[in-house]
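One structure is given below, encoded as structure tokens.
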Amino acid sequence: MSSHDDKSSLGGVDVVPVTKSQAPGIDMGSIPETEDANTFLATHGTATYTEESNRKLLRRIDMYLMPMMCISYCIQYIDKSALAYAAVFGVKKDLNLKGQEYSLLTSLFYIGYLVAEYPQAWLSQRYHIGRFLGVIMFIWGGILMCSAATRNFADIAAVRFFQGVFESALTPAYIIVTGMWFTRREQPFRVAIWYSMNGLGNAIGALISYGMGLIDGKLDSWRYIFIIEGVMTIVWSVVVFMIFPSSPMRVRWLTDAQKAQAVERIRSNRTGIINREWKWEQVKEALDPRIDPTGHIIFWACVLNEVINGGVATYKGLIIKSIGWTDLQSALFGIAYGAAVTIEIASCGYCAMRFKDSRHWCMIAWLLPSAIGMILQIALPTSNKAGRTIGVLLMPSFVGSLALCMGIPSQNTAGFTKRSVVVGMAFIGYCVGNIIGPLAWVSGQTPAYISGYTTCLACMADQVALFLLLRVYYARQNKKRDQMVIDGLAPDPMALDGDEFEDLTDKQDLKFRYTL
């Protein structure tokens, strides 16, 4: 029997029927007691929580969790972008990179990212996530330092590939972690905050590269960039290993009562917290577009967005330099560029949280400044240095759309394994786009990099169509489920029956409503 035949359709809503006795989460199996939300609440008890106590707990979670996530993400971006900083100080010449070899180095990073995506997702689900990420960061810091010893294209290509393999663990894990700790209303802004550390990382990386550019030592200036950033990553990895929590049920900086409250406050998400069992039926549901097409829509949206990112991230230093700035001025300009990235991503997440049902509209709106910035690069004469510089500062706005798009699986996909698979699909799209993106940019064109800009503009137009399609799908599913409640075919979504943590998927759970 096909997967389509295995499901029922009530009122036009595709559902995979699950009875109470069959529901995932009832048989705990080998899952440790403290890792299951229902068991944890049964053994630790619940209480009535006030708005004030919830706000205090949220502040405490933000105070402990968000700085760790932000610092890690900032460091990851610095490390990932080290090659772009090195390009300003002559890495292409010193390693004798020819033709498209420099672009291929970015593609190789994301090929490594792509190869490791699902193995990393499986490992992060099976093991203590903080210790897992600490080990991963330690390894990639060491690999980054190896970049300083490279002598030719083959050397740097191998290093970039393995750097991508290990860096692939962080962002998907953080999407899952955000879903564990925050309500669906709170998640877009939190994702945007730690994702906006791309901008801070860009600014800090620019300062590091500027400082390294002033060194008159035995090594080439760009080699010091890799050494300093690698050491910084290794030091921070020890902190992550020691402190970063596995789940709200296993954390040192909350009392048992606060842990119970942290679990209770996200009950309404209906997306669960964590489940160590890998469930193949949820994998099939995520991958079969006849059951749920949203993972495929998100995949293509991420491909298109990262075609833009792959080119802009790789060539931003050379774009700034092409406007007429010197090497050191280009490095310092990275501070202003980083500030623009931070503001543009954080503002997108804030607006999505602040205004009801605005997520998809924000994803569309934040593509527009990027389009304007690229049009300015094409349309303005080379003599208009100020206008083209402003255009560069507008260009990274598209990353705000990506931050919200990649956060959708944690908010609109229930079932821990299914959510991990959809997050993986998003990041496979992320990798594919970044592999393709740099190849559209060709040096020596007039106007400069016009093929890259026109490719990016086409990708933005296609993303608008996909974001609209996603919103229409979610809105129709919510409307159909609401009608099923009226017709007596589905339970009231407001009723709390103790099934909120049973690891049901969003298709199995007719109380689930998609956020818009």
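The first residue you see is number 1, and the count goes up from there.
Backbone N, Cα and C define each Cβ position, glycine as well.
TrEMBL lists 65-479 with the feature domain 'Major facilitator superfamily (MFS) profile'. Averaged over the domain 'Major facilitator superfamily (MFS) profile' (65-479), the predicted model reaches a pLDDT of 86.
As annotated by TrEMBL, transmembrane segment applies to 99-116 (among others).
What TrEMBL lists as transmembrane segment is 128-150 (among others). Nonlocal intrachain contacts for the transmembrane segment (128-150), taken as residues 6+ away from its ends with a CB within less than 8 angstroms of a stretch CB, comprise 72, 75, 79, 82-83, 86, 95, 120, 156, 159-160, 162-163, 166-167, 169-170, 173, 176-177, 219, 223-224, 226-227, 229-234, 236-247, 250.
Under the heading transmembrane segment, TrEMBL lists 162-182 (among others).
Remote same-chain partners of the transmembrane segment (194-215), defined as residues 6 or more beyond its termini with a Cβ less than 8 Å from a stretch Cβ, comprise 66, 69-71, 73-78, 81-82, 85-86, 88-89, 174, 178, 221-222, 224-225, 228-229, 327-328, 331-335, 337-346, 349, 396, 399, 402-403, 406. For 194-215 (among others), the entry in TrEMBL reads transmembrane segment.
Away from its own ends, the transmembrane segment (221-244) comes close to residues 68, 71-72, 75, 78-79, 82, 85-87, 89-91, 94, 129-131, 133-138, 140-148, 205, 208-209, 212-213, 215, 252 of its chain (Cβ-Cβ under 8 Å, at least six residues beyond either end). Annotation source TrEMBL lists transmembrane segment at 221-244 (among others).
Residues or ranges marked as transmembrane segment by TrEMBL: 361-380 (among others). Within its own chain, the transmembrane segment (361-380) is flanked in space by residues 308, 319, 344, 348, 351-352, 355, 387-388, 390-398, 400-401, 404-405, 447-450, 453-454, 456-457, 460, 463-464, 467-468, which lie at least six positions past its ends and keep a Cβ under 8 Å from the stretch.
The transmembrane segment annotation in TrEMBL covers 386-408 (among others).
The transmembrane segment feature in TrEMBL is assigned to 420-442 (among others). Within the chain, the transmembrane segment (420-442) has long-range Cβ neighbours (under 8 A, six or more residues past its boundaries) at 100, 103-104, 106-107, 109-111, 113-114, 117-118, 121-122, 125, 168, 171-172, 175-176, 282-283, 286-287, 294-296, 298-315, 402, 405-406, 408-410, 413, 449, 451-452, 455-456.
Among the features that TrEMBL reports, transmembrane segment is placed at 448-474 (among others).
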